[in-house]
Amino acid sequence: MALPLLLLLLLLLPPRVLPAAPSSVPHGRQLPGRLGCLLEEGLCGASEACVNDGVFGRCQKVPAMDFYRYEVSPVALQRLRVALQKLSGTGFTWQDDYTQYVMDQELADLPKTYLRHPEASGPARPSKHSIGSERRYSQEGGAALAKAFRRHLPFLEALSQAPASDALARTRMAQDRPRAEGDDRFSKSILTYVAHTSVLTYPPGPQAQLPEDLLPRTLSQLQPDELSPKVDSSVERHHLMAALSAYAAQRPPAPPGKGSLEPQYLLRAPSRMPRPLLSPAVPQKWPSPLGDPEDPPSTGEGARIHTLLKDLQRQPAEARGLSDLELDSMAELMAGLMQGMDHRGALGGPGKAALGESGEQADGPKAALRGESFPDDGVQDDDDRLYQEVHRLSATLGGLLQDHGSRLSPGALPFAKPLKMERKKSERPEASLSSEEETAGVENVKSQTYSKDLLGQQPHSEPGAGAFGELQNQMPGPSEEEQSLPAGAQEALGDGLQLEVKPSEEEARGYIVTDRDPLRPEEGRQLVEDVARLLQMPSSTFADVEVLGPAVTFKVGANVQNVTTADVEKATVDNKDKLEETSGLKILQTGVGSKSKLKFLPPQAEQEDSTKFIALTLVSLACILGVLLASGLIYCLRHSSQHRLKEKLSGLGRDPGADATAAYQELCRQRMATRPPDRPEGPHTSRISSVSSQFSDGPMPSPSARSSASSWSEEPVQSNMDISTGHMILSYMEDHLKNKNRLEKEWEALCAYQAEPNSSLVAQKEENVPKNRSLAVLTYDHSRVLLKAENSHSHSDYINASPIMDHDPRNPAYIATQGPLPATVADFWQMVWESGCVVIVMLTPLTENGVRQCYHYWPDEGSNLYHIYEVNLVSEHIWCEDFLVRSFYLKNLQTNETRTVTQFHFLSWYDRGVPSSSRSLLDFRRKVNKCYRGRSCPIIVHCSDGAGRSGTYVLIDMVLNKMAKGAKEIDIAATLEHLRDQRPGMVQTKEQFEFALTAVAEEVNAILKALPQ
């Protein structure tokens, strides 16, 4: 009989409304304010943004205005972890509404720090602890209610079938009514509420051990036999249900109104409690939900509850006949009832009763006993009497539990004065700490927090008071850690929150080492204030700031952000540049350590010296290594070049075929036979020859075995220049070179010179454009070499070559041409044959920096056929590193005529540049003139475009030839203009023009030394 009466009492009493589970929503619909958007994408809707709340992230409608962060303690973090593990093990995800509801309830207990805007300069004042206390009491009461409904659901189903139960009939009518506007998210049925409520919503206490039959799962997964209480007799159960039905039938219906106690009222709650964003300095007042469940019941309801308690007190014998399971359920229901009444009394008044003037937490139960939060004294007296009756009934129930040896449920410890204990341990074994953690310093804290809600002792004379004292003795005793507390700490448990801290042997201190030694105290304090400002923490958090040489040390006190010394050190490293810019100091080192270790920090000067020494050592080693590598590389290059030179020379010394040698010697004899025998010889031939050869790199090497003696005749240079003329020309050249302004003006005048006529229409024809290597150097129409079209492979008379006249306009002295292209090689050899040339001067390498300068128009060995001209390589002689000499055997296959051609190839002159030394080029010119002497045919001179290097060589040779013939006046600028009248672009740069003047002066000086004094 007692158990059904208790259930009816639970329905009549107005405990704090439990948070209802959200109504079933289709899985695809996005609910506002969903949690977990930082961990899973796609939770927020199109008009929502994910706001970082410090835990999982919460969706808010754009623009987001409610910015706050949860303050998560280690105990709360463990509770969240357990809840997530249970949800995951059951198969729920962040998309499920049940997961959202459970985690929202878990986060409701956590204090918050509100921000003015997302980038707030400092944290707002956290929400008052009274709000968290209010929600905690609500959860504990809700836990008891949920367990009671789960265990006694069959009794409620049986009661729903009793025709005499007017109260339950009204409950069904309330369930069948359509939902009111704004309440569509909440269930109107007790069974629906229980089906959506899980044990996961209410975490067990710290010392609770859940039995295996209470593993986390939803009620819908339980079987009917698990929901039914295990009673010994079904007859006894029917007696209990019948008695409860009869009692409910005798109870008159309560009038609707503010104090309505219908089951529908128990399940009403607002869709979302409004949370205005207040200033941190203003205490937050939380409005009550719709149909405020915290309002006390009416006087008539209190009288009926009082009568019900008396009925329960008159039937102790029947209560002693209940089973263990029923007694356990009654204990849980009474615990939840008392907690709901305690909580209702504590939260009845405005915020002034719960919050003191200093913003600290007030003692809710004491405030309730003082009557500060009850607007109606009469109602308060009824509640007090009702509370005392519940105490006496609990004492009787406690005796029954002692007789049966029943164990209290982990979720319901609360007979009158619930005692909750939280343990926070941050101890770790010494062996598990790494060296880095030891250096940083580990705060060894072992704390035990006791929170005890004290209720004032009201005088009463009922006999149940003694029984209640016995019930207190039957509560679980304190743990070993509780018993180990000092006596003073145990006596002070009633004062509120107690913290026992076991400090570490030596407190860890943070330090920041700067480049300033010694560091002034005000600079050290300013640096610490900059760190505090960076972390948005008050400067008072940093205690015991000291300056040790170049370092500043500090300790981090307790703070609401739970920032430790190691966190400060890490933030300093991450924001090093910003701190250096703000403080004007250079941060060299940061860390955490004991004060004794900080005193032995190495002086900064020694660190800098060691760093400099290491850097200098590394630089020295690198230099030594570089020198060794360079020396080895140079040696290898020289050795390989000498080896290649020896191989090439030995290859040149090998005899070619007998036919080629015999043919070449026969050609040389024919050439000597046609030479006129009566050439005059100068009187000083040998002397001038010896003086001219003094600029060579060494003694003149003898011709190779593949060369004929007739090709290298030692005919002397004819010179008619006297001493006075030579000195006058030399002084003119020296003055020209020393006067840079004069040279500059002369070159500017040459650049402005325009040749007349200067038409190049033939070179610009469509069929001739591919035959030009450079479009900047095209032959003039009036001055170009004409080929015989009938002998040309392209039947064209065009080739990019210009005849250069000296004193005789009928016989050109030179032919300046471009380097042959693959398509113009046959034209080049045709020009050589038709012009009767026997000397070719080549002034460019084949390739420069990967760019082709000239085509390889001769065979490397043997012979090649170019149209009707067969070219056979006879010899190749390397005179020095700067030039070499090749001899070719040229044959016209149409006429079977043959001719010898000698090529002088200068290797060290690059495009738009000058040779490294004029001496090598002058020696090269002497070799060319010795071979050419006595010939009336022109010399073919080519480089890449046939203008820059070719023009410089022709200018030097032409001026020196004029002086050798006894010219009294020399005008190099006028000579260059004469060359540009015949081919454009001759001598392309000022450096090339200056080089020509230098070469002429050096050769004149050599001639003067050779003349008789």
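Even glycines carry a Cβ here, placed using N, Cα and C.
Source: prediction; values computed, not measured.
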Annotation match for N-linked glycosylation site in Swiss-Prot, from Asn562, Asn896: Asn562
Candidates Asp882, Asp911, Asp923, the one Swiss-Prot lists with Cys943, Ser944, Asp945, Gly946, Ala947, Gly948, Arg949, Gln988 as binding substrate: Asp911
For the recorded positions Asn562, Ser944, Gln988, the one whose C-beta sees the most other C-beta atoms within 10 angstroms: Ser944
Residues close to substrate site centre defined by Asp911, Cys943, Ser944, Asp945, Gly946, Ala947, Gly948, Arg949, Gln988, Cβ within 8 Å: Val777, Gln818, Leu843, Thr844, Arg912, Ser950, Gly951, Gly985
Close approaches to the transmembrane segment (614-634) from elsewhere in its chain (Cβ under 8 angstroms; 6 or more beyond its ends): none
Collapsed DSSP category at Gly948 (substrate binding site): helix
DSSP three-state assignment (helix, strand or coil) for Gln988 (substrate binding site): coil
Whole-number Å value for how far Asn562 (N-linked glycosylation site) lies from Gln988 (substrate binding site) (Cα to Cα): 79
Reduced DSSP assignment, Asp911 (substrate binding site): coil
Stretch-averaged pLDDT - the region 'Involved in localization to secretory granules' (1-419): 53
Neighbour count (Cβ, 10 Å) for Gly948 (substrate binding site): 24
